2 protein chains.
Amino acid sequence: MRKMVLAANANAAGSHVGEWRHPDAWDRPAANIANAVRLAQIAEAGKFDLLFLADGNGVRQLDKPDLFRATSPSDRPGVFEPVTLLSALAMVTRRIGLVATATTTYDEPFHVARRFASLDHISGGRAGWNLVTTSNPDDALNFNHSEHVARDKRYDRAAEFAKVVKGLWDSWDDDAFPQDKASGTFLHPEKVHVLNHQGTHFQVRGPLNAPRPPQGHPVIFSAGQSETGKDLSAQHADCVFAIEGNLANAQRLYADIKGRMAKFGRAEDDMRILAGVTIFAGETEEEAEALFQQLEDLVSPAVGVDYLSKMLGRKMRDYPLDEPMPDFDDEHVGHTGIGKGILRVAREEKLTVRETYKRILPQMGGNMFKGSAKQVADTMEEWFTTKACDGFMIAAPVVPTGLERFIRLVVPELRRRGLFREEYEGRTLRENLGLTRPNNQLS
Amino acid sequence: MRKMVLAANANAAGSHVGEWRHPDAWDRPAANIANAVRLAQIAEAGKFDLLFLADGNGVRQLDKPDLFRATSPSDRPGVFEPVTLLSALAMVTRRIGLVATATTTYDEPFHVARRFASLDHISGGRAGWNLVTTSNPDDALNFNHSEHVARDKRYDRAAEFAKVVKGLWDSWDDDAFPQDKASGTFLHPEKVHVLNHQGTHFQVRGPLNAPRPPQGHPVIFSAGQSETGKDLSAQHADCVFAIEGNLANAQRLYADIKGRMAKFGRAEDDMRILAGVTIFAGETEEEAEALFQQLEDLVSPAVGVDYLSKMLGRKMRDYPLDEPMPDFDDEHVGHTGIGKGILRVAREEKLTVRETYKRILPQMGGNMFKGSAKQVADTMEEWFTTKACDGFMIAAPVVPTGLERFIRLVVPELRRRGLFREEYEGRTLRENLGLTRPNNQLS
């Protein structure tokens, strides 16, 4: 049986908005390379498949001073650029995969192909590219746009972008560089392939000025859950990062994405789907619950109320914290179903304003598994064996102790059940994921 | 007295076109991270100020199969992307500066500002950006252009690009991120500066999503020797990489560039000018000469003749190698004065075709100092003390042994004369170069 894939968030910041204030959390987490090195080495010691670095090209919520003041991990402005960070981490690790985010909307295929080829050479075949089309509309303002590129155009561009990047990675045959001193043959000029791509969004001649990457193609990640996003994944992604709140929905999404692969000539086994989850694991269920509560208490009311305001689409600052949630008319709440759901729960359980924001904040990091090692392993096994996912993208509530605790408590339980590796199977990320090395399409 | 600046080419490839075939040269130099690590550590042990990585975004001379077959270092297609390589090298070095090339013509200021800020954080203040406008016209074809951007437009864009990058580096005050767990103050929202740049070439809102770099601004390098290039350097560059073939011309260029700084409100001491030079150093003059001859013999006739053809702008393959150079009409040779100069020398010295290409090939790496340690140190001292330069960008003829030999033979001689450091003066590249840390212009 194939083993479960385990991926760790490389952000050196926990998934919970109150995390950074916890005594066990890193001191001074902003752009701190020592923390990032330590985190990478913890994950590698746990035999994780890969480190994953989410990213955006801008600072969010400039308009929300309080949220901005104690920002959530993905909104924090004190971060590294992903590829520079993972190149550095390549030198202090040996086997773990290194997956960085890069946007197809505000970058160029030649640059992206080149950086990930370079990272793959530096790391000996451990690079991955998380393809995103950029979700934060404000990033556009940093790239000569007055507004975000429209969704359909972004996805159309992304598909062509991925095609060009793969073509550039195939610029050279694997044996194009004999570098033979005796004969004076540095390279074989007949083993270069000039792409000459002429498309709707791009004209790119090639070839890339790097030898073919050790993996052939660095592993491509994608995460979109819209119709176009799922098609893009089915066509181009080796791994998909999926977020669903419950088992049934995750199973449905898994079948949906894998079911789309055939029309692009791909087999379902050519892709791994990873479920995003924050894991609160304890020696006992009570210990996990206590950590959860401790983090809740580290969220200042200003941050909590601003976050609630954002979810409901209404200013909440003028309502007393410890009185019941106001009974808003459902029609004037939020832009999506989320706001209505929050109000429904608050009404049914008669929650105060404070209780309401505490209830919603943990979901910021997506799904959550909470409990003893056995309870968490049970849930992971169920998701894995019932085709809700091929593995997990794990966010720790507190970094680095949450990851250490997961590795100390849950990973041995997964190993006992034969669900997770004892040792790395291969040298490259593709080998560890059980994915084949792509043939050169231009040869 | 200020010490001389010494910079080493980080390319892990020698400057001479025959270098890679030499027994002492690296085996398998293409995209080889182990070689790059070793080279960085050799240069740091020699207390060099910095590693410098030249770069382009394309493969040159696809139309010249023989040149392509045994390519010169700058034309080699098997290279790392500069910032990924230097991020990796940051983790295996502690004090040496890390200067990477990035183009202003085919990249975005937000991306460049971010990558170099990230490299500066990762390396603890050792990053430098070599600003280029891209010299190889064919690079345009990899970035959706049918021809290279015109020179004037490139330089106009470059000046605005540099201004935006510096503005983005000033997005945050140095003390904007207290990250205080007790009070819950992650950052001070009043210490962010939104750039809101609206210019001819760029609209960039900001702020950058990284704290201010340790150096304030990573060190900016530039190399253009045209009028617009010299003005760009005088306005924006902390260091200039200059190539002149003799002392008088180098002195003239030095005075010219520094003389332009006042009109941009800068003092001459705010800039270091580094002369590019290939150094053949031996225990004796004869040993240096022998190495030089050995390398000449490693250039295959096909490579030599193709290179000569390129310089003269004429096909040279049909002329016998060991007969005198044909007596072409000067009017039909080359596009610049270089071809005419080659013909003049060949005529005066009655050189054969083979002798002619051997004569011109060593100049590919720019200027050349050749001789015993004392002779090389004498020349370096003369250039340094007579204001031809503030230091040198050193290319070794064979890597790594040429650099090791320079450090073993010439560096002690420079130290005896008080011209070069015994130990690093500071922790950051700016400190070692004796350059001040820029104030935040947006505070």
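Backbone N, Cα and C define each Cβ position, glycine as well.
Contacts of B:Y155 (FMN binding site) defined by a Cβ separation under 8 A and a same-chain sequence distance of 6+ are given as B:T133, B:G224, B:S226, B:T228, B:G229, B:L232, in order along the sequence. DSSP gives B:Y155 (FMN binding site) a helix state. What TrEMBL records for B:D55, B:T101, B:Y155, B:S226 is FMN binding site.
Here TrEMBL flags B:15-318 as domain 'Luciferase-like'.
Taking the Cβ of B:D55 (FMN binding site) as reference, residues of its chain lying under 8 Å away and at least six apart in sequence are, in sequence order, B:V79, B:E81, B:P82, B:A100, B:T101, B:A102, B:N130, B:V132. Counting other C-beta atoms within 10 Å of each candidate's C-beta, the binding-site residues B:T101, B:S226 are led by B:T101. Max Cα-Cα distance over the annotated FMN binders (B:D55, B:T101, B:Y155, B:S226) is 19 Å. Under DSSP, B:S226 (FMN binding site) is assigned to coil, being neither helix nor strand in the three-state scheme.
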